[in-house]
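Inspection log for the structure reproduced underneath, given as structure tokens.
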Amino acid sequence: MVFLSTCKTAVLAAFFLLSNNNVNASAVHINKRSTISTNPSDLDGKAFDFVIVGGGAAGLTLAARLSEQENKKVAVIEAGDDGEAVMERILVPIRVAVPNSPNDWGYYANSLGRTLHQPRGKVLGGSTAVNALYMVRASAEEHDSWAALLPDAPADADWSWNGLYPYMQKSENFTAPVNAAAISATVNASAHGTSGPVHVSFPQFVYPATQAWTPTLAAMGLKTDDPQGGQGWGGYITPNSINPDDGTRSYAKTAYLDPASGRGNLVVLLQSQATKVTFDTSSNPPRATGIDFQQSQGGQTYHVEVISEVILSAGVFGTPHLLQLSGVGPKALIESFGISSVVDLPGVGEHFQDHVLVPLTWSAPNDTVTGDMLIQNTTFAAEQLQLFHDGQLSQSLMGAPNNGIGYVSLKRLFNNDTFTTTFIQQMKENMTAVITNQGFTDETLRKGYEATYTAEVNTLETTEIGAVELLLGSFGSWNGVNRTISMQVAIQHPMSRGSVKLNSTDPFVPPVITANYLNTDSDWAIMRAGVRYLRQVVATEPMKSLIVEELSPGAAVQSDADIDGWMYLNAATQYHPSSTSSMLPLDHGGVVDPTLKVYGTTGLRVVDASIVPIGLCAHLMGPTYAIAEKASDMIKANPTANRTPNVRSGAESIRFSWMLSAVLAAVMAVLAVEL
């Protein structure tokens with residue numbers, strides 16, 4: 001009888017909740033499994049505490065961390081699918097290839113007289129599902145330079161090395177190499193995290209060129225110890241985002257989303273593109289109220305309401321594009337498309353920078369094992385894939401992505417102290433002319449570029465930070481040549497800046513991306529010196545023994561003019577764009593403040609690589625995970641105050657859904673006892 005009375009009390013309590021208009025919607029938690037869906041009704045007309053745009057490195061990290069709060073409802077809107085149709089290509093490290101496929105956003109940039117492909121992952125997991133798996137950190141001095149650009153940042157928004165390093169470790173589940181001697185690897189255990197979601201390890205198969213890499217760079221005078229503790233320069237074999245248990249890719253979906261799949265307060269909607277951030281413009285400043293989204297070009301527009309914050313994690317191209325579509329960005333640009341300006345923010349889409357590479361290729365002896373063998377012999381490739389699936393990871397080329405890296409400072413690159421000093425002085429003296437050449441007309445953008453230019457020049461002058469990255473490739477795939485080895489030179493602190501600008505009011509039309517690669521004399525000179533340095537690398541033992549002939553650019557290309565001509569035709573992205581929503585002071589053309597809030601708005605943040613204000617000697621996957629981990633803690637500690645969502649009539653609200661569930665559960669409990 002006591003139990004029956006308790007159940008009836010629960011029913012009354014539930015009905016009381018239904019009639020109580022003061023229930024805090026953010027406290028709702030439906031006790032069911034999280035939803036991964038393609039059905040727009042799972043979001044349309046409903047309200048969530050946090051709405052995240054983009055299911056990539058940052059978006060899924062945020063989703064997992066914010067949904068740890070059981071009383072917070074989290075929604076993710078992802079334009080891509082779940083990747084199941086190409087899952088083997090995603091999971092097998094060397095097989096992934098999605099350019100110009102449905103899993104590629106299909107962005108293109110204008111630069112160097114060409115239209116250059118800018119592949120980005122359009123799939124659950126974003127580019128972490130399709131990239132080259134490098135887990136590389138920048139150096140402490142670079143992060144400290146970032147923080148120095150933000151003199152008024154609060155203590156809990158510290159973007160220095162000390163402020164971000166703990167989050168690098170928090171995201172990492174590191175496993176030391178089983179073949180450390182073969183790759184000349186040294187491990188500083190204290191530099192790594194061992195309990196994070198992202199598996200970080202080393203391939204078990206080692207190419208001959210990989211084995212020769214570190215000893216060769218050591219012979220060139222580069223340091224070769226573990227770089228992950230804040231000293232990122234030198235030459236080494238970098239770890240990859242690989243699960244050591246089975247050799248598969250560890251990416252945002254498997255690392256962050258899958259472990260959160262049992263949470264009823266998390267909904268991930270796929271194949272749905274965010275088309276607009278909606279605002280209450282009667283608020284001062286304008287308050288983000290939700291996201292409009294569509295599932296096809298010209299299709300029905302759906303809407304999801306937000307209670308606390310909209311968080312944009314749509315990437316370096318997607319985030320500024322969505323902001324501009326929503327009326328946040330350069331007023332003249334936005335109004336030229338007939339869009340009402342919500343916030344005049346000149347920096348949205350500006351300050352674009354990227355690591356620019358040129359690839360060099362050499363032939364190798366015919367008995368050298370290179371990745372060309374997978375392309376030239378389909379039977380061999382099938383056998384290698386089977387070895388991978390059988391767990392024979394030390395024998396399978398399929399589990400071995402590229403991972404040889406070298407970061408070479410300006411002083412080492414030029415190998416002439418007098419010339420280096422003169423070169424740096426010229427960079428400083430040329431700053432005003434370079435700023436003018438970049439085409440900045442807004443004074444805040446000029447000030448921001450001057451600040452970042454000065455910071456990066458000072459870093460190059462006073463530290464061992466890499467001016468270029470050297471990247472070892474397992475094969476070059478050259479027609480008519482059986483075995484090839486490729487290497488890249490990529491400039492890490494380019495002074496050239498580009499932009500991302502609205503191209504149409506149709507959100508499915510990509511923005512205009514102007515890359516402006518190699519748009520300064522210093523960028524040309526540094527890249528040219530990198531080409532010459534890499535030629536010295538292959539002329540040094542033990543790498544020298546693996547080289548037969550230079551295929552590209554070829555031995556005849558020696559003069560500055562010839563090298564420049566070759567670079568003009570062959571330079572391309574290294575797939576590390578950044579800075580289009582830069583974290584800078586507002587009067588320096590900044591888009592977000594140190595707490596990641598978009599200037600001039602309430603309830604809107606950006607969390608992805610677009611906020612990074614300066615170049616980093618790193619592949620940006622690892623830093624982006626860390627940024628999102630830090631952002632999650634910041635948002636949990638200081639969320640935007642709740643608003644009352646405007647849930648459309650007839651739509652099921654999260655609040656009502658929870659209350660109805662509570663009533664039904666109580667009724668069923670009563671019936672069970674009475675029956």
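Cβ from N, Cα, C; glycine included.
If you check TrEMBL, you get these features:
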{"type": "SIGNAL", "residues": "1-25", "note": "signal peptide"}
{"type": "DOMAIN", "residues": "48-356", "note": "domain 'Glucose-methanol-choline oxidoreductase N-terminal'"}
{"type": "BINDING", "residues": "V123", "note": "FAD binding site"}
{"type": "DOMAIN", "residues": "494-628", "note": "domain 'Glucose-methanol-choline oxidoreductase C-terminal'"}
{"type": "ACT_SITE", "residues": "H576", "note": "active site, proton donor"}
{"type": "ACT_SITE", "residues": "H619", "note": "active site, proton acceptor"}
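Feature annotations (TrEMBL) mapped to structure.
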{"residue": "V123", "record": "FAD binding site", "DSSP (3 states)": "strand"}
{"residue": "H576", "record": "active site, proton donor", "DSSP (3 states)": "coil"}
{"residue": "H619", "record": "active site, proton acceptor", "DSSP (3 states)": "coil"}
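Over the domain 'Glucose-methanol-choline oxidoreductase N-terminal' (48-356) the predicted model carries a mean pLDDT of 97. Reported as a whole number, the C-alpha separation between the residue listed as 'active site, proton donor' and H619 (active site, proton acceptor) equals 6 Å. In sequence order, G80, D81, D82, G83, V86, I90, V98, N103, A129, V130 are the residues of the chain that are 6 or more apart from V123 (FAD binding site) and have a CB within less than 8 Å of its CB. When other Cβ atoms within 10 Å of the Cβ of H576 (active site, proton donor) are tallied across all protein chains shown, the result is 26. Around the Cβ of H619 (active site, proton acceptor), the same chain contributes N131, A132, Y134, M135, V136, H576, each under 8 angstroms and 6 or more positions distant in sequence.
When DSSP labels each residue, the domain 'Glucose-methanol-choline oxidoreductase C-terminal' (494-628) comes out as 47 helix, 22 strand, 66 coil, counted as helix, strand and coil in that order.
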